[in-house]
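Asker: Pulled these from TrEMBL:
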- 222-353: domain 'GGDEF' (DOMAIN)
- 20-38: transmembrane segment (TRANSMEM)
- 44-62: transmembrane segment (TRANSMEM)
- 74-107: transmembrane segment (TRANSMEM)
- 113-132: transmembrane segment (TRANSMEM)
- 144-161: transmembrane segment (TRANSMEM)
Amino acid sequence: MSKEVGHASYKAVENIYKTLLYILIIINLTCVLLFYFINANIAIFYAMSVIVFVLMRLNFNIKHSMLISVLFHANTIIGATLGSVVLGWASGMWIMLACTILVNYFLDFDSKRITYAIVIMELLILIALYFFTKDINIGLSKEILLITNTANIILIFYTRIKLSTYADIITAADYQRLKNETDELEKLSKRDFLTGLLNRRSIKNILRYELSALKENENPNSNLVVMLGDIDNFKTINDTFGHERGDAVLKDVADMLVSIFRKDDYICRWGGEEFLIILPNTKTDFLYKITARLTRSINSIKLPDKSAVSMTFGMVVCTNKTIITMDELIGKADALLYQGKRNGKNRIEWKFD
């Protein structure tokens with residue numbers, strides 16, 4: 001990222017997608033109740049959708065914002081179409097599709113062209129639904145029609161007001177800047193060419209964000225962990241077996257680290273034979289498990305003479321509410337790393353901060 005984006009903007013973006021998931025849960029749960037007595041198969045579809053969206057909310061990850069956007073569009077298109085075809089235009093089920101059209105501004109797509117194309121497509125679907133379903137009448141009472149229309153109108157106003165609140169936090173310019181910087185991070189030097197891991201530039205921005213989030217972390221069992229590791233005797237490996245073998249060791253170590261740590265952890269080639277690892281939202285018991293197998297797993301990588309590759313790590317555990325700068329944190333991890341080197345290598349030196 002070219003500039004550091006405020007933590008409030010990140011939280012607002014996260015809240016937008018959390019709100020979308022809540023809206024999807026409410027829509028599908030309402031449709032389950034509505035279609036239970038009308039069409040059991042449709043009710044089952046909505047029930048399965050509720051389960052999916054509840055699981056996504058419980059395991060929320062901002063990395064899945066694009067998936068949430070796609071599901072929001074797909075689910076509301078299907079819901080509006082099924083509702084209008086089965087219940088008729090007078091039921092007001094088409095209103096949820098109008099709601100989706102109005103919130104396109106907030107959703108995560110790669111370009112304005114894609115957003116405009118989706119809006120046009122949904123408008124065409126809405127127009128088609130009117131002509132194909134305006135004469136459908138299954139005999140719903142005026143009371144039921146009033147309830148379905150009122151519920152959909154409330155939904156559209158709630159969604160618009162709620163998302164606009166977050167937009168006020170971000171502002172249009174800030175949101176666009178956030179998107180541009182995120183795209184830049186993806187395209188510009190995000191990965192190390194040799195290992196495929198994150199590089200130094202990209203992980204610094206991630207660490208800044210995690211340190212900012214740590215200040216507001218209320219969970220006493222959730223820690224931010226930073227590890228700095230160095231391959232032991234790497235110069236000797238290069239001198240003895242050649243630089244190609246040295247590169248192979250770097251790639252093997254990178255692959256091993258990826259296999260050991262969680263999918264939401266961040267692993268970076270920090271430079272040369274050094275690797276930086278960030279573990280957000282980490283419980284203490286997990287640390288004991290990971291440290292017990294980390295050195296053993298690295299030792300399973302063998303050199304041509306059958307000797308084991310080893311690494312030394314410095315690990316700093318930051319508890320919630322910790323206030324520390326990125327440079328201070330990395331400096332502490334580096335000091336622990338070299339303490340491990342002095343204490344015999346092939347080990348992990350760690351401390352709570």
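Every residue, even glycine, has its Cβ placed from backbone N, Cα and C.
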Asker: Kindly report the helix/strand/coil residue split of the domain 'GGDEF' (222-353) according to DSSP, in that order.
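Answerer: Computed counts for the domain 'GGDEF' (222-353) are 59 helix, 39 strand, 34 coil.
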Asker: Within the domain 'GGDEF' (222-353) only, compute the mean pLDDT.
Answerer: 93
